[in-house]
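Report on one structure; see the data block that follows.
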């Protein structure tokens, strides 16, 4: 059983509706797990950056529209699908056997992502431990720094007037002769802030490129090991244990964000940062640019974690009559409000950093790794009692990463459980430990001196097109092949009969708007594809080839499984394809008491194994 170490374990609950798979102990466990899964590092390090880049507050208009048109419909679809079938992301494709490869693709992509996502958690752990010092190690140019390290800009040369003539000279000559630089002619030396050099030289010990692997950075490897131990400990009894851990990991980041916001708002220059984030006068004209709408759609899509398999896996442990509609609304709105809220906390302190360093806000703002491990730590180092604020920030990153990781690992263990429930019931603990150990060893390449290049490579390929392809096929398969109206009837079996007008919006989105938007994002991504880079470092050709191999390995199962299914079916080619596009004989509500007349014909899963996941399990495990 997914929930129990042993079938009659003390963690077993007599109140579980589904005694075979188990259910969430409470509604709160499920909602917080979903919020923790959806709210991740991207809410803190990507959304604020996109907002200021795309017109400030005006960006919230396309962002909200994309939430309503693309994010929420797909989120509601996946939650409903998982809850109705009480199955994980692979076995759920009993609903449409021809597309079972889509579920396998989701699981493999989730596996790739868990490898590098825990490495980012390891970075946060390293900085967390480094914060336990009286003086933050990245607050100044210490022994590890080189000649380019500086806390301020250094003048290189400029033009000056001498006896009525304009000369060009280096700055040391200008100052030694008591001359004054002419405005607008000053050139600065290329310098790096201490936090940037600390990130590259100390934390990562970054090599020159992907081809220069170097050695394993031992302290990052230990942090990676610790992060996997934390994940394994939280999941040793499945959702029964992780459902309790998320009460802390999902809620406490909000407390820290509030503390950082209050502290940031009291600093000089904070208002400049906030105005740069939202804008005193938002640039509405930005809405005329297609890039802005593409950014809004992709941010919503990735932020909500749709098409990764995790939403289906987590929802599969709900009680059958749980209101998955209200759950989807609550989680999606919470996710988006968190993004906006995080922006205020981030930009208030970055505004103070710009004030202290006498630079425009635009020069201290960045996204991704640069924001989390360079710009923000640099800003925190300038605050009084800086180790405290640094500790809080990296503790928040740690928690945001962990609860997303919990759900990703549960996606993998749910798949294993659906393949062999008895094995999972008896061997949950060793299987969880074994899975974490395998993923730890696979992640060691990401903590070498070239590790950051591998992290960036996996993120660039696996977390991009593969998810988009899965999402497009998922909505096309469920709505157009299985049948959107049939799917709505399935949902009404769970949440009760609804009016025509209630479903009108969802029908419009599912049948037309959402598939079109997803296809547009996918095509746009293909057209605008560029080879991966990390900063100014260009990847070698073989590195890009590995990236292509990874994404091909993820999506190749879609046609392979489809071909296998068609080959095993009976009749001529057309008849085989048609039969594979019909739900399997054992598709329907997991428990007989919920099947009603519509699914009274369903064969009990224990008795009928046709179309079940073991027919394709050899391709995955």
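Backbone N, Cα and C atoms are what each Cβ position is placed from, and that goes for glycine too.
Looking at 274-295, 296-317, the range tied to transmembrane segment in TrEMBL is 296-317. Of the candidate ranges 388-409, 586-607, TrEMBL annotates residues 388-409 with the feature transmembrane segment. Checking TrEMBL for transmembrane segment across the ranges 464-483, 484-503 points to 464-483. Range 545-567 is the one annotated as transmembrane segment, of 177-199, 545-567 (source: TrEMBL). Feature annotation (TrEMBL): of 155-172, 245-262, the stretch labelled transmembrane segment is 245-262.
Across the structure, residue 303 (Na(+) binding site) and residue 149 (disulfide bond) place their CA atoms 35 angstrom apart. Residue environment of residue 303 (Na(+) binding site) contains 23 other Cβ atoms, counted within 10 Å of its Cβ in all protein chains.
Within 10 Å of the C-beta atom of residue 149 (disulfide bond) sit 18 other C-beta atoms, taking all shown protein chains into account. When each of 245-262, 429-452, 464-483, 504-525 is checked for Cβ pairs under 8 Å to the transmembrane segment (545-567), 464-483 comes out on top. Listed recorded positions: 39, 141, 400. The one with the lowest count of other Cβ atoms within 10 Å of its Cβ is 141.
The Na(+) site is set by 36, 38, 39, 43, 303, 335, 400, 403, 404; from the centre of their CB atoms, other residues of the chain with a CB within 8 Å are 35, 37, 40, 42, 250, 305, 338. Within the same chain, the transmembrane segment (464-483) packs against the transmembrane segment (504-525): three or more Cβ pairs sit under 8 Å, each pair at least 6 residues apart.
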